[in-house]
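What Swiss-Prot annotates here:
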type     : residues      : note
SIGNAL   : 1-15          : signal peptide
TOPO_DOM : 16-720        : topological domain 'Extracellular'
DISULFID : Cys19-Cys365  : disulfide bond
DISULFID : Cys55-Cys142  : disulfide bond
DISULFID : Cys141-Cys148 : disulfide bond
CARBOHYD : Asn226        : N-linked glycosylation site
DISULFID : Cys383-Cys492 : disulfide bond
CARBOHYD : Asn418        : N-linked glycosylation site
CARBOHYD : Asn436        : N-linked glycosylation site
CARBOHYD : Asn468        : N-linked glycosylation site
DISULFID : Cys506-Cys698 : disulfide bond
DISULFID : Cys521-Cys568 : disulfide bond
CARBOHYD : Asn534        : N-linked glycosylation site
CARBOHYD : Asn545        : N-linked glycosylation site
DISULFID : Cys620-Cys648 : disulfide bond
CARBOHYD : Asn626        : N-linked glycosylation site
TRANSMEM : 721-742       : transmembrane segment
TOPO_DOM : 743-803       : topological domain 'Cytoplasmic'
REGION   : 782-803       : region 'Disordered'
Amino acid sequence: MLMLMLAAVATVVRAQTVCRFRTVRTGKVFANPVTLEGDLLFYAFSNTVVVKNVCKTDIAVYLGQRVFITKNRFEASILPLTIPKSMEVKMPSITSAHFVSDAMILFVIDGKVYSYNFIEDIWRTVNGITEPVSHISGDPCCFEGYFCLELSNNLFAYFRGGQMPGTNIYFSNNGGFSFELLNSDRMSHLKGLLGGIFHFHSLSQVGILLVENNLGTFHYLEYPLNHSTGVPFLYESPLEVIIKPQQRGFLILWNQKTLLVSSNSGQIVEAMQLMEEGNINDLNVEHAKLTIHSIASNTYELAFLVEQDQLYYGSQSYMGNYIIKLSNQQFWSEEASVHFWDVGMLEVLTPVSDPYFPAFDFKKCLVNVQLALMDQSLQLEPCNVEFLESTMEDRMFIIDMNSKLKLSALMVPRKGMNPTPLVMVSNPHALGFKANLTQFGNMYDGNSKFKLDIELQQQQHWGNSELNFTASIKHEAISSITVDIADKTLSCVDLKPLSTLISVGCDLTKKVIVQNKISACAMGILDPVLLQKNYSYTIEKEAYNPTSYSGEAQDDLIVFYQYKELGCPRLVYYDKPWKPVVELWKDGTLEEIMNAEYVILELNGIVTYSYSLTAATAHCRSQPQNWSIFKEDAEKPSLWNRETYVSCHEDNQDNPLLWPNVEYQILGGRTDNKIIFGQRNGIYTFYLTVVDPYYSYCDLNTIFSVYVYGALPVAEFRPMTSILLMVTVTLFTMWLAYAIPKQLRTERGRRLTGFCFQIFKYCPGICTCAWLRGKMRRGLRSRRVKDQPEKIPQIGKKPDIKK
C-alpha cells in the first residue's frame with residue numbers, strides 16, 4: 001500500500017515539474033568597478049518578451065524592467081543595456097525592437113527610432129522619421145542571396161492607434177538605415193484606428209490592420225486582394241502582432257487578456273483550441289481568468305506563461321491551432337520570460353540582480369516539450385507518424401515564368417495507422433500544384449513507406465482558377481509550400497512539418513547568349529591575337545550618331561574592341577537579311593533556342609542598318625514602340641525592357657496605328673523580322689535585351705558583336721546615271737575621232753588650225769611654261785604639216801613658175 005502511494009505521489013510530481021532551474025553566473029570572481037553610463041532602458045509594457053534574431057538564434061534581446069542583449073543564449077552574466085546621454089532621450093522606454101542583421105537592432109525609444117550596433121557598441125538616430133512612432137514591423141528572410149536580402153530590408157515604422165487616414169507611415173528598403181514617408185494615396189479609402197502595417201511576404205501583400213467599432217480587419221494593398229478584406233474579429237484593446245518566422249503566413253495577436261492566431265496572413269483570425277480533459281474548446285483568456293505575462297513562438301509552435309503560474313504549449317498549423325496546459329510548476333515572476341531555442345525546447349528565463357556586481361545573472365529552466373507531453377495525465381494520443389522527410393527543407397526554390405518544379409517527400413506512418421498527408425501553399429493566387437501519393441515498399445518491421453510527389457507551377461498555367469483569383473502574371477510573387485499530416489496529434493513535437501519558400505520570379509542562373517557558329521576569326525578575316533591587343537577600328541562620321549548628344553557626328557570615331565566581353569565577332573554578309581540566334585542557358589546548361597521578343601541597339605551609335613518589316617507588314621494593331629521613344633536616355637538602353645514594353649499586336653486606344661510605314665524594331669516572337677545591313681564593312685557591337693513580359697521575370701540581356709563583310713564602296717552616282725554618262729562619252733569620243741580628221745582636211749579646218757596657231761603664238765599667257773609652250777607649238781606644227789597635201793605651197797613664198 002505504501003509503495004502505491006509513493007508511486008502516485010511520484011506521478012503527480014512528474015506532472016507538475018517539467019524542468020529544473022539553474023543559474024548562469026560568469027565573470028564575477030573578482031570585484032568589478034564597472035559603472036553603467038547613460039540612461040537605463042526598460043520595456044514600456046508590464047509584461048516581458050524575448051525577441052530573437054530569427055536568422056541567428058544565439059542572438060536575442062530581453063525586454064522587461066531591464067533590457068539585455070545576448071550573443072550566446074544568455075549563457076553569461078550581462079550588463080543592462082543603456083543608451084548614451086548624447087542621444088538626448090527624454091524617457092528611455094522601448095515599445096518595439098527588431099533585428100535587421102547579425103550585428104544591428106532597431107529600437108523604438110520614446111517615439112523615435114534608433115539603431116544599435118551591439119558588436120561595435122554604436123548608437124545612431126535613424127533618419128527620415130519626423131513624427132512619433134510606436135512600432136517597427138518586418139519579416140526577415142534567412143536564405144542566402146540578393147532576393148532574400150531584399151525581403152529582409154523592407155520595414156515599416158508606424159504609430160499604433162493613429163487615425164486613418166491622417167497617420168504618417170514610414171517605410172525603409174535598406175534595412176532601417178533610413179526611412180521615407182509612405183505614399184498615402186493607396187490608403188486614402190481606409191478608415192479607422194491603425195493597428196499595424198506589415199509585409200506579408202508569404203502572400204506577396206502589404207497588410208494593414210484597422211480597428212473600427214471594436215472590430216479589427218486586415219486590408220490588403222496588392223492585386224488581387226486589394227478589393228477585399230479579411231474576416232473581422234473582436235478587437236477591444238491594443239494587440240501586439242507577431243509575424244512568425246520563415247514566411248509561412250502565421251500570425252499571433254495578443255495582449256494580457258487576449259490570444260488570437262491566423263494561418264493565412266490575417267484573412268481569418270481565430271482563437272486557439274484548448275485541449276483539456278479530453279475536450280476541445282475555444283480558449284478565452286479573459287473568461288478563464290488568466291493574465292498572459294510572456295509569450296514565445298517559432299515557426300509552428302507557441303507557448304505562454306501566465307501570472308497564475310501556469311505554462312501553456314501549443315502548435316500552429318494550417319489544419320488547426322491547439323494548445324494545452326503543460327505545467328503548474330512555479331515559474332512566474334515579474335521578470336520571468338519564455339522563449340524557444342529550438343523545436344520542442346522551451347526555456348523559462350529570469351534575470352537575477354547581484355548586489356555586488358552590476359551585471360545580471362540568469363536563472364534558466366529548459367523544458368523538453370516532447371518529454372513533457374508524454375505524461376499520461378495529459379491524455380494525448382501518440383504521434384501517428386514515425387517518419388516524414390524531404391530534401392526541400394532549408395532550401396529556397398525558384399520558379400521562373402513558364403517553368404515547373406518537382407519536389408517529393410517520404411512518409412512512414414505509425415504501424416496500424418493511416419495518416420493523411422497534406423500539401424499547402426501560402427499564396428494560392430500565384431502558385432498552384434498537384435500531388436500524388438504512392439506506396440513504394442516496406443520497412444524491416446513490415447511497415448509501409450509512402451512517397452509524395454509534388455509538381456508546382458504558376459497558378460495561371462493550371463487553367464483551373466478564375467481570372468480574378470490569380471495574381472498578375474507579370475509581377476513576381478512569393479509563396480511557401482508545406483507538407484504536413486492532416487490528422488497529426490499535438491504530441492508530434494519532433495515531427496515538424498516539411499516546408500520551404502518558393503520564389504515565383506527571376507532565376508538568376510539564367511542568361512542569354514547569341515550563337516556564334518561562324519565567326520570572323522574562324523574564316524580568317526580577323527586575327528584573334530590582334531583582337532586581344534587593344535585592337536581598335538574607326539567608324540566614319542557619316543555612319544554613326546553620337547550617343548552622348550543629339551546631332552550629327554563631327555569626326556570619325558575610334559573604338560577599342562573589348563575582346564574579353566565580346567569574343568570574336570560573328571560573320572554576317574551585308575546583303576543578306578540576318579537575325580541573331582539567341583540561346584537560353586540555365587545554370588550552365590543550354591535550355592532552348594529563345595523565341596521571345598527582344599530588341600537590339602548598336603552601342604556606338606552606328607545607324608547603317610535597318611529592319612525588314614514595318615508596322616504594317618508586322619500586322620501591328622497599334623503604333624509599335626521603337627528606340628526613338630527612349631532616345632533621351634540613349635546612355636541607358638536598359639530602359640526598354642520587359643516592364644516598359646507594350647506590344648503593338650494588341651489594340652491600344654491611347655496609341656493607335658497612325659504611321660504604318662515606320663520600322664518595326666522588335667525581333668523574335670510571332671514575326672520574322674530581320675536586320676538588313678547597309679553597304680558598309682566593319683564591326684558592329686550590339687546590346688540585346690528581352691522585352692517579352694511573358695517569357696521570364698529576369699531582365700535577360702547580353703552584348704555581342706558582328707563583322708559585316710562583302711560590301712563594295714558606295715558609288716557617288718546612281719548606277720543608271722553612270723552607265724548613261726559612260727555610253728554618251730564613248731559615243732561622243734568615237735564621233736570626234738571620225739569627225740575631227742575629216743574636218744581638218746577641209747578649207748574650214750585649215751582656217752581653224754591657223755586660228756589656233758595664232759592664238760598660241762600671240763597669247764603666251766595661256767601657258768606660262770616656255771618648255772610646255774614650245775612642245776605645244778612643235779606638236780601643232782607637225783600636225784599641220786602632216787595633214788596638209790604634198791603640193792601646197794609654203795606660206796609667205798611665191799611659187800616657182802619655172803618648174
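Heads up, the Cβ atoms here are built off N, Cα and C, so glycines get one too.
Note that the structure is a prediction, hence the values are computed from the model and not measured.
Shown here: features listed in Swiss-Prot, placed on the structure.
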residue: Cys19; record: disulfide bond; Cβ neighbours (10 Å): 19
residue: Asn226; record: N-linked glycosylation site; Cβ neighbours (10 Å): 13
residue: Cys383; record: disulfide bond; Cβ neighbours (10 Å): 21
residue: Asn418; record: N-linked glycosylation site; Cβ neighbours (10 Å): 9
residue: Asn468; record: N-linked glycosylation site; Cβ neighbours (10 Å): 9
residue: Cys521; record: disulfide bond; Cβ neighbours (10 Å): 18
residue: Asn534; record: N-linked glycosylation site; Cβ neighbours (10 Å): 9
residue: Asn545; record: N-linked glycosylation site; Cβ neighbours (10 Å): 17
residue: Asn626; record: N-linked glycosylation site; Cβ neighbours (10 Å): 17
residue: Cys698; record: disulfide bond; Cβ neighbours (10 Å): 18
Subject >> Neighbourhood of Cys141 (disulfide bond) by C-beta distance under 8 A, where only residues 6 or more apart in the same chain count >> reply: Cys148, Leu149, Leu151, Ser152, His201, Gln247, Leu501
Original post:
Counting distance between Cα atoms, which of the recorded positions Cys142, Asn226, Cys506, Asn545, Asn626 is nearest Cys521 (disulfide bond)?
Top reply: Asn545
**OP:** Calculate the distance in Å between the alpha carbons (Cα) of Asn545 (N-linked glycosylation site) and Cys620 (disulfide bond), and round it to a whole number.
**Re:** 28
**OP:** Using a 10 Å cut-off, grab the number of neighbouring Cβ atoms around the Cβ of Cys365 (disulfide bond), all chains included.
**Re:** 20
**OP:** Between Asn418 (N-linked glycosylation site) and Cys142 (disulfide bond), find the distance joining the two CA atoms and give it rounded to the nearest Å.
**Re:** 35
**OP:** Determine, using Cα-Cα distances only, which of these recorded positions is closest to Cys620 (disulfide bond): Cys55, Cys142, Asn226, Cys383, Cys568.
**Re:** Asn226
Subject >> Helix, strand or coil at Cys568 (disulfide bond) [DSSP, three-state] >> reply: coil
Original post:
Taking the topological domain 'Extracellular' (16-720) alone, what is its mean pLDDT?
Top reply: 90
Original post:
According to DSSP, does Cys521 (disulfide bond) fall in a helix, a strand, or coil?
Top reply: coil
Subject >> Cys365 (disulfide bond) in three-state DSSP notation >> reply: strand
**OP:** Measure from the CA atom of Cys648 (disulfide bond) to the CA atom of Cys383 (disulfide bond) and give the result in Å, rounded to a whole number.
**Re:** 60
Subject >> Rounded to the nearest Å - Cα separation of Asn534 (N-linked glycosylation site) and Cys568 (disulfide bond) >> reply: 14
Subject >> Which of Cys55, Cys492, Cys620, all disulfide-bonded residues, has a Cβ with the fewest other Cβ atoms inside 10 Å >> reply: Cys55
Original post:
Rounded to a whole number, how many Å is the Cα of Cys19 (disulfide bond) away from the Cα of Cys648 (disulfide bond)?
Top reply: 71
Original post:
Relative to the Cβ position of Cys648 (disulfide bond), how many further Cβ atoms are located within 10 Å?
Top reply: 19
**OP:** Work out the three-state DSSP category of Cys142 (disulfide bond).
**Re:** coil
Subject >> Minimum Cα separation from Asn226 (N-linked glycosylation site), reported as the residue among recorded positions Cys55, Cys142, Asn436, Cys648, Cys698 that achieves it >> reply: Cys698
Subject >> By Cα-Cα distance, the member of recorded positions Cys142, Asn468, Cys492, Cys568, Cys648 nearest Asn436 (N-linked glycosylation site) >> reply: Cys492
